[in-house]
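Right, one structure below, let's go through it.
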Amino acid sequence: MRIFRVDVANKDLDKIKKTVEVLLSDPDNELMAADISRLLLSADPDCMKEAFMLSILCGSRPLVEFIAQLFVDFPEEERAGLSNSDVFPPYMTPLMLACICNNYAIVECLLLRDHRMVLPHRTECLCKECDRVSNCIIGSNQRLDSYRALSSEAFLWMATNDPVLAAIDLVSELGDCQSEDPEHKEVYASFQTRVENFTGEIIQQCRSIEEVELLLEQREGVPMSEADNPFPRLRLALDGQVKPMLSHMNVQIALTARWRGAWIEGRSSVSRTFGRILRHTLFYPFLAFLHAFSAGLMVNSFHIPYARYLSYATSYATFVACLAFIRFGDKHSHGNILHITVESYVLSYVLGLIVKAFLEFAQRGASVYFELWWRWFDFVLLYVFVVAYICRSAAVFSPMPANLSRKHWVPYDPALLYEIFFGMACLLSFWRVFYFLQLHRTLGSTVISIGRCVSQVFNYFVILFVIVFAFTLGMTTILGPYTGAREVEDVSFRNKKMEDTFNTVFRGMKSLLWGFFGQMSSSSYDVVVGHSGRYAKSNEHYVTKYAAEGLIVLYYLVTVITLLNLMISLLVKKGDEVLENEDVEWKYTRVHIYMEYFKDTSAVPPPFNLVLIVFLWVRMTFSKKNVFLWPDLIVSHKIVEDNKQIEHDHSYRLLLVKLFHRLRANKFNHYQTIQYLTANYVKRKKPSPPPICLSERL
């Protein structure tokens, strides 16, 4: 290096070029070597920095180290970008360029030389600097290139203490960038996909359940309320929607083992399996009450997530059966003890669902909570139930006589409103059975596909509403002035009256909506003017009549022929996208469902969870093993005091080193594990699996 520095100081072009060519060791880069040598002869610092950047592009770490030692007298220039270059933008730093090139060796070299990456501001940042470059091309490009560098594997491995945690956080941030910066949504999506695949590659290198569990049990970056739950790192991945990691074979195996818990043993015994299922289906009310009353100390089988799921499914089936009994039971049974008991159970079950949903909402937040379709469904279901019971209470305290005939009730009587809302609640409750069907491989994929299409249907209804409202305004403007017009037909001498179909906006929208389903006759928009003149002849406004008929024809062309067919094509496209990733989507949804039953507050189903939550909080409050800490309220002493977990952290660091060496060896030898091939085979849907060993030389 000293000799090379002397040659640069003496501006000896031949020796400089010879050294550069030797360090490049690639005859194809002869022109690049000549450019670098020419730039090193210049006294301009920008030329030397450009030579430094070009050496990074060549990918030769020795050449980078040789040129880097030329900046020994002005080290800050080594880390800065070029102010005036035809090749590189001014914000491009050596470390950013090395990360974009994904060169592990050069990134490591630059980090050892104290190079740092300037993290980009969030897209919603309102600081003065971001406000200054908000409408500037260079500012937008700088943010994109910064995220491009951050999403490289070299940066995540070399520049972060925990590449898994950094990748999960980066996936979440890139997802926010897509919503905040829709102009570059596709670019951010490509970065996000790259980082998601990076997490899958890390999980892929694990060769035992112990290694997977060690990776998923890390508490760093997780809220304290989640730190004591199984697999806290998995909760972060769920919040960030890192599907390649969550759907990976290794994660699924480890999660299934934790899902079945102690029940994974003895599965070969039919009688033992039948007894376990019988306990948590037929006898679950008694066992759930004991577990709840003892605050989780009795009936230890409720600590197994699969047992909790069985009890919850059975309790929901009981809840649906009670709803059917209330609606279709004997009419003479109203008011007796059995009917009151069933209604009380339904009310308590709804309260249990409300408490369960509230705790999940308070812990997850609105954006994460409403990510899943059944959370929206639960919100609507519980809202309808609450309104129904409010109407029921109003009907009970109504001053109207109890035996008054229905024909004397007012249209908005609370009893009528209760029947309407309770009927809707029964309908939604039966529909929620699809939540449990998602764990079935075939039916679950269909349900998930339908759930993904709901957003498209919602967008369609918004567009349909705007179109119907627009045509309603036009039709009411044309036909509204003729409201109440009458005339006598010349042939039959019958009175003909103008229809009230479009006399108001509400009636007009109602008519057009039913017309969408083919329930609007031609008389609805027939123009009746009346008699006029000396002989009282029937008048005809042909222009108005043809204009109304033309609008109706245009309405059907827009809604039925154009909009409806467009909606069908969009649903087919969305369904195909889901079916292409059917395996990933199903496994991702299954992880969500599994994780719902890992929390202690979900140990028993409603309404027994009301008792469990009260006794569990009392037990945790008076226990010396817990401490009050805002905003998580009650946190285990072990989490607060032993947050460093030195021994556990050391094992995790050793595991990361192993995973890095395995990944590097696999890429160097062009070998792909069976997990990688299985994931690619499912994604590409090839007729036969690819070969096990791949090489670029074959």
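In case you wondered, yes, glycine gets a Cβ from its N, Cα and C as well.
As recorded in TrEMBL:
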type     : residues : note
DOMAIN   : 125-185  : domain 'Transient receptor ion channel'
TRANSMEM : 282-303  : transmembrane segment
TRANSMEM : 309-328  : transmembrane segment
TRANSMEM : 340-359  : transmembrane segment
TRANSMEM : 379-404  : transmembrane segment
TRANSMEM : 416-437  : transmembrane segment
TRANSMEM : 457-479  : transmembrane segment
TRANSMEM : 553-572  : transmembrane segment
TRANSMEM : 604-622  : transmembrane segment
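Residues 347, 350, 353-354, 357, 370, 413-415, 417-418, 421-422, 424-425, 428-429, 432 of the same chain, all 6+ positions outside the transmembrane segment (379-404), place their C-beta atoms under 8 angstroms from a C-beta of that stretch. Beyond the transmembrane segment (282-303), the same-chain residues lying 6 or more positions past its ends with a Cβ under 8 Å from any Cβ of the stretch are 261, 276, 310-311, 314-315, 600, 603-605, 608-609, 611-612, 615-616, 618-619.
Away from its own ends, the transmembrane segment (457-479) comes close to residues 498, 501-505, 508-509, 512-513, 516, 525, 527, 544, 547-548, 551-552, 554-555, 558-559, 563, 567, 570-571 of its chain (Cβ-Cβ under 8 Å, at least six residues beyond either end). Residues 277, 280-281, 284, 287-288, 302, 339, 342-343, 345-346, 349, 423, 425-426, 429-430, 432-433, 436, 593, 597, 602, 604-606 of the same chain, all 6+ positions outside the transmembrane segment (309-328), place their C-beta atoms under 8 angstroms from a C-beta of that stretch.
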